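S.K.: Sending over a structure as structure tokens; questions will come in a sec.
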Amino acid sequence: MKTAIFTVVLALAVFAVLSFGWEANEEALSEEFTELIHEKEAASETEARECRYFWGECHDHMPCCDWLVCRYKWPITYNICVWNRTFPEK
């Protein structure tokens, strides 16, 4: 009887240690994933500032991308980037 109780207590202790280690590993992975997402967002923000994409608001200081042109479109009250009907050469 004592051996069975000792085995159960030992098994519970092993499960507790393993689950604690798994939670610590999961938290580290979560933090690493969050940092990676923030890095990707920062990289995409710098790319978005280089030129305005399709239907983006444009002015002299905010140019459209190469395949777009800045046009006034009614009923929108500001200029937007629209396709200039050209295809990029490869």
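Every residue, even glycine, has its Cβ placed from backbone N, Cα and C.
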S.K.: Cys58, Cys65: which one closes the disulfide with Cys70 in Swiss-Prot?
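M.R.: Among Cys58, Cys65, the record in Swiss-Prot lists Cys58 as the disulfide partner of Cys70.
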S.K.: If you look at what Swiss-Prot says, which of Cys51, Cys81 makes a disulfide link with Cys65?
M.R.: Cys51
S.K.: Please give the sequence-distant neighbours of the signal peptide (1-19): residues at least 6 beyond its ends with Cβ less than 8 Å from one of its Cβ atoms.
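M.R.: Residues: none.
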S.K.: Would you kindly give the Cα-Cα distance separating Cys81 (disulfide bond) and Cys70 (disulfide bond), rounded to the nearest Å?
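M.R.: Each residue's Cα considered, Cys70 (disulfide bond) and Cys81 (disulfide bond) end up 5 Å apart.
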